[in-house]
């Protein structure tokens, strides 16, 4: 009103201690106040004069929290926990690997915000980008494109899937995200070399949790990469049963991606909850290497026409697997369609513990059930109707198991004993005649680069074929993954019956790292730690390096003698109380990057 002095603010108190404690943001190390959406916070304003009649005070605020997850234990796990577990290996031999997210470490939040600024989305339309940063599905899609550097967009990681890493970092060496993100910033946002799926997913989990979006890692075993979008994986073999490296489709022993939790207002309430984001560069989406968010509910129900990239993720967990024989004249014959092979033991870390939780039922109905086949047919129909794929319209029944007559002989590989690196592998191929007729069968056996051809005969009863692969045979041909693919191509002689292909991926067990805490673990006080490694080889293991990461970095050189169990004891000083994860890495001339981890509860020191 006229005649009154204009009111101005002399001071503003953000109450950082109270607000950050209430909002669980007191772990961030920067000075700026950070609060979470949808939650009350307090500020105090001081004005230059008392309140007078006619004064108006207006606050412009924007609320609503699409990422709210109701369960407090889930919030602690998926937003606040800085340590995690990644499940790797194969469906029959699942290993747990520790990972340090470190989303509250110095400068990580600013690095994550810089990531948004450097994205193609922001560079192409900065105004719209800033406006949409309150939308978790938009932010998730942007981050999925920025974790990889395949679009020349200053992405964080460059992927490599061979064993030649030159002077750069072998992906198996990484134990956490913080060192990767800091290296990315220190090298002027040049992509860090190298990453693979679990590294991409680990870094993305750090970024999304840092930005306040509930996130977890998902491991899909027998994961498909359907390059042509026909909802099936085509695998090719020569007439002896040896796997051929042709075609763009592939399947992986495991693949790791992220799930993030938020509402899907664009799709409707049924599709709220967990959404898949995958930052590993596999296929382009809208011209960029990005994937998701795809609703997990939409994947299970076969709604592959819904945004974003639902069809691609559906095939990762539920594609059919077609097996083809390629003859010397170039002709190809489809011999079998396996409808249950893809998408096994889909796993994530349990809330509040390091246990593995199987979430396969979140992604699909039970294999072999009527519901699962109906959903698969629904997905094929939606893909055709939406023109999501050309192959389906050209070969509408190619993915159907009904197109191939099932053989009248079944087979399975069984290991005689657990497969251990350094020892011979003994396994048995068990063949069963499913008919009442006499069946002479020719069996071609192959194991990686080792080719054996045997002719055997099967009557009504079972027939067992012994196969031995010596250490000398496989030692030189193994990769870091320590895997051997064994196949048996079974052909019923003098008939037109379809051939049967039996496969088994053998992952060799490597030495286990045992970690034992010998004294109480208290903040700022040294505690004793023992690491035990056993060498079960009949030869020396040299060039050994043990790396321990946690409260500080320690390197120790040691040599393991044949059949020896070696232990090393040392001290570590923890600098923070609370739950911490200690990680151990061991490498040598025989074993590269053996992993172990130990979860520690660091007690506060007395007087503090």
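Each position is counted from 1, following the chain as shown.
Just so you know, glycine gets a Cβ as well, placed from its N, Cα and C.
Where the annotation comes from TrEMBL, it is an automatic prediction and has not been curated.
The Cβ of residue 197 (active site) lies under 8 Å from the Cβ of 252, 254, 255, 256, 257, 280, each of which sits 6+ residues away along the same chain. The feature active site is assigned by TrEMBL to 197 (among others).
Among the features that TrEMBL reports, active site is placed at 255 (among others).
According to TrEMBL, the feature active site maps to 278 (among others).
Neighbour density for residue 372 (Ca(2+) binding site): within 10 A of its CB lie 18 other CB atoms from the protein chains shown. Look at TrEMBL and you will find 318, 320, 367, 372 tagged as Ca(2+) binding site.
As annotated by TrEMBL, domain 'Transglutaminase-like' applies to 189-281.
The average pLDDT computed for the domain 'Transglutaminase-like' (189-281) is 94. The record gives 318, 320, 367, 372 for Ca(2+). Within 8 Å of the mean position of their Cβ atoms, the other Cβ atoms in that chain belong to 319, 339, 340, 342, 343, 364, 373, 376. Looking only at the recorded positions 278, 320, 367, the densest Cβ neighbourhood within 10 Å occurs at 278.
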